[in-house]
C-alpha cells in the first residue's frame, strides 16, 4: 500500500537524517516509527507527506509514485502535535475548511462533518472556537479534520505529546479504536515506547537514520535485534551484564550454566540481557541463579522496583528487578532466578545471538505456559 524505497534525506548543512530506508506498509496497517530524537522518524514522516523534499529514493502510495507530487495531491491527511487548528474559526469551520477548498458541496460537507462529529463525540463543540476546548478536545478536532478528507493514508506526528499522562492514555485508546473502525493505513511517529507498544501492528525502531528492527510489539520486545532495541523497548529498560560463553555454557562471575545456543559457540566478550520483570524470587527449572545486593527499593503499589548491584563477569554491575510488594532491607542480598529461555545474548557488535537449539524440556515448558 505504502512502499518506501531507498529513501535518503540530507539537509543543506550536510546532515544525513535518513540513510537508505526501505519500508513496505500493508493496507489498513498501523505502523509506528519510534526512536530517540535525531533518529530520522520525523524526517521520514514529513517526506511521506511532501512537507520535505527527499534527496533520493522513491515513495509509492497505492501503486502510484507520489514523492514528485505536491502534498495536496498525495491523498494523505496529517495530524500534528500542536493540533494546527485555525484559532479564529469554529470547530465546524475548521473541519470544513479543507473540503471547501476542494469544491465539495455544502450538503456533502455537512453530512461528512455530522458523521465525523458523532464518531469523535464532538457534536456539542461544533460552534466553539479552539481556545474554548481542552487539549483532548482539540486533538479530537484535529483528527476529525483529517478523517473528513477520507484519505488513503493517515500520518500522526507525535499527536499526544502536549497532553498530560492520564489524557494520553485515554487518547491512545481512542486512536486505536478509531483506526480499527476506519481501517485506514496509518503511520504514527513517537519517541514514547509505550505508545509504540500499545498502538502498533508493527513497530519500526530507528537509530541514526537507519532501521534497527521491524516487527510486531511482541517481536521487538521478546526478540530485540540489538542492545539498542532491547534498551529502548520495555520499561524499566533491560539489564545488561558482561558475560562469556564456552561450548554452549554461559560463564558469569565464576559460574556456568547450559543455555540453548550453538554448542560450538565461543565468545569471550558478550552482553547478557535480562528484563527486570523476568527476575523470579522463587527457584524455577532451567534457570540461572543470581544475587542482587539491594541499594534502593521503589514501591509502586502492586509491585516494586529493586535497584542493586549484581556480580558480573568484570565486577559489580547495576541491576533492576521488578518484584511483588514485600519488605526488603537495604544492603541485603536478594537471590533471583531467570529462565534460560528469557535470557538475551548479544555479540561484540551488540547484535542478537539467536537461539539455535532449544532443549525439549524448555520447549515443552514454553508450550505448557502458553496453554495456561
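We number each residue from 1, going along the chain as drawn.
Here the Cβ of each residue, glycine as well, is placed from N, Cα and C on the backbone.
Some features that Swiss-Prot has for this protein:
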type	residues	note
BINDING	35, 36, 37, 38, 39, 40, 41, 42	ATP binding site
DOMAIN	2-233	domain 'ABC transporter'
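This view paints the features noted in Swiss-Prot onto the structure.
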residue	record	contacts (Cβ under 8 Å, 6+ apart)
35	ATP binding site	41, 191, 205, 206, 207, 212, 232
36	ATP binding site	191, 207, 232
37	ATP binding site	191
38	ATP binding site	17, 208
39	ATP binding site	206, 207, 208, 209
40	ATP binding site	9, 17, 18, 19, 21, 206, 208, 209, 210
42	ATP binding site	157, 158, 189
CB contacts for residue 41 (ATP binding site) [other CB atoms within 10 A, all chains]: 27
Extra residues within 8 Å (Cβ to Cβ centroid of 35, 36, 37, 38, 39, 40, 41, 42), ATP: 191, 206
DSSP state at residue 40 (ATP binding site), helix/strand/coil: coil
Predicted model, mean pLDDT over the domain 'ABC transporter' (2-233): 95
